[in-house]
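**Q** One structure is given below, represented as structure tokens, and several questions about it will come after.
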Amino acid sequence: MEYQILKMSLCLFILLFLTPGILCICPLQCICTERHRHVDCSGRNLSTLPSGLQENIIHLNLSYNHFTDLHNQLTQYTNLRTLDISNNRLESLPAHLPRSLWNMSAANNNIKLLDKSDTAYQWNLKYLDVSKNMLEKVVLIKNTLRSLEVLNLSSNKLWTVPTNMPSKLHIVDLSNNSLTQILPGTLINLTNLTHLYLHNNKFTFIPDQSFDQLFQLQEITLYNNRWSCDHKQNITYLLKWMMETKAHVIGTPCSTQISSLKEHNMYPTPSGFTSSLFTVSGMQTVDTINSLSVVTQPKVTKIPKQYRTKETTFGATLSKDTTFTSTDKAFVPYPEDTSTETINSHEAAAATLTIHLQDGMVTNTSLTSSTKSSPTPMTLSITSGMPNNFSEMPQQSTTLNLWREETTTNVKTPLPSVANAWKVNASFLLLLNVVVMLAV
């Protein structure tokens, strides 16, 4: 009896070593946790699957080995959720992968093609990383990968953005490729996309309406591309989209063009202005005059050379603040109103302009036998205001020195009032009529 028990124990002992998979024995080359259902066989220089893996494993790490082919070797692991086969020598994704997969990483291999059969029936897959391979083409089928949320195709050799990408995607990384185009409708179904990485490619433009359906987009990278900023017809859509989107754009292309476009949209030319010049004569005041102190306002009248007038003296002191409506054009006077002008600033980007007329003084004038003209300086100081909704714009100042020709003589008498001036003019006209009648 004791001999039979001893013999049976010996058989059971041998059975323990011959069937480790049945009795949950971890393969010698691997580290097993979570009741042997999490198996880590990374960095073991493996080229074939180790024996003894349980069929109910849920996590398998085969990274940093020398696998070249895993076709049909993983099908029986029907509970597998996470598979890491990165940093191997695979030339394609393993065929007939279990449909239970949630996460798969095949980065840093030699995969050249992601075919439709590689992802067929992977309805539960949420994360797929095929970065750092040699992919030149990606073929996806509609209604497959319908649970996929993260797709990493960065650092490959793709030249066009893959079509038929699943609609539940949140993150798509296409950086570090050779992408030159996005076919129409490629991104139209990605309404849940939050992050799109397109940097380090060869894009020159983005076709119209390509990004119009990316309603949930939070971040996009566009730097290190070959944007054709000199061809406005190619880049206009992208510039306008960047101005309107709420997403964080990293690496804004054509910064000079988008800056000028922002200024144009932010400060449009008011209706009624057809000229590109911002002129004094074309403006209307929108505020009252703060202060005006005038002894008598002079009026320049052309007088024929053969007539002389009585000696007059007049003076004026102007102190005046007037606010004008502004545009984004430079503030310049009409050419016929000035003989010389100095413009220190060529931009007036604020919402209003305040004009100060200072020291506009005309003095010491009289007529003698020889009429002479001397320039009278009038300083027009223009200071741009700051719009409330544009705090980043620097304040600017424009100064114009206006010179107006005035008929001058020596000062001897004070300036007559307006009524006296009318009397003098009436008397002069009456005398002129008498002379003409006598001559006839």
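Each residue, glycine too, has its Cβ placed from N, Cα and C.
Residues annotated as N-linked glycosylation site in Swiss-Prot, with sequence analysis given as evidence: N45, N61, N103, N152, N176, N189, N192, N234, N364, N389, N425. According to Swiss-Prot, the feature repeat 'LRR 3' maps to 101-121. If you look up Swiss-Prot, you'll see 147-168 marked as repeat 'LRR 5'. The feature signal peptide is assigned by Swiss-Prot to 1-24, with experimental evidence given as support.
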**Q** What else in the chain is close to the repeat 'LRR 5' (147-168), if you only count residues 6 or more beyond its ends and a Cβ gap under 8 Å?
**A** 107, 123-141, 174-183, 185-187, 189-192, 197
**Q** State the three-class DSSP label for N176 (N-linked glycosylation site), counting H, G and I as helix, E and B as strand, and everything else as coil.
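**A** Looking at the DSSP assignment, N176 (N-linked glycosylation site) belongs to neither helix nor strand, so coil.
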**Q** Give, as a single whole number between 0 and 100, the mean pLDDT over the repeat 'LRR 3' (101-121).
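**A** Average per-residue pLDDT within the repeat 'LRR 3' (101-121): 95.
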**Q** What residue among the glycosylation sites N61, N103 has the most other CB atoms lying within 10 A of its CB?
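**A** Answer by Cβ density within 10 Å: N61.
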**Q** Could you give the residue numbers and ranges of same-chain residues that sit at least 6 residues beyond the repeat 'LRR 3' (101-121) on either side and whose C-beta is under 8 angstroms from one of its C-beta atoms?
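**A** Those are 63, 80-93, 95, 127-141, 144-145, 152, in sequence order.
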**Q** Restricting to the same chain and to sequence separations of six or more, state which residues have a Cβ under 8 Å from that of N189 (N-linked glycosylation site).
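**A** In sequence order, the residues whose Cβ lies under 8 Å from that of N189 (N-linked glycosylation site) (at least 6 apart) are M165, S167, Q213.
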**Q** Using the structure shown, find which entry in N45, N152, N234 (the glycosylation sites) has the sparsest Cβ neighbourhood within 10 Å.
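**A** Each of the glycosylation sites N45, N152, N234 was scored by Cβ atoms within 10 Å; lowest is N45.
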**Q** When a 10 Å sphere is centred on the Cβ of N192 (N-linked glycosylation site), how many other Cβ atoms does it contain?
**A** 15
**Q** Using only C-alpha positions, which one of N45, N61, N152, N176, N192 is spatially nearest N234 (N-linked glycosylation site)? These are the glycosylation sites in the record.
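**A** Given the candidates N45, N61, N152, N176, N192, the nearest one is N176.
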**Q** So if I measure Cβ to Cβ from N176 (N-linked glycosylation site) and keep only same-chain residues at least 6 apart in sequence, which ones fall under 8 Å?
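**A** Residues satisfying the criterion: S154, S155, N156, H199, N200, N201.
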**Q** Out of N45, N61, N103, N192, point to the one nearest N152 (N-linked glycosylation site) in space (Cα versus Cα); all of them are glycosylation sites in the record.
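**A** Looking at Cα distances from N152 (N-linked glycosylation site), the smallest one goes to N103.
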**Q** Roughly how many Å lie between the Cα atoms of N45 (N-linked glycosylation site) and N103 (N-linked glycosylation site), rounded to a whole value?
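**A** On Cα coordinates alone, these residues lie 23 Å apart.
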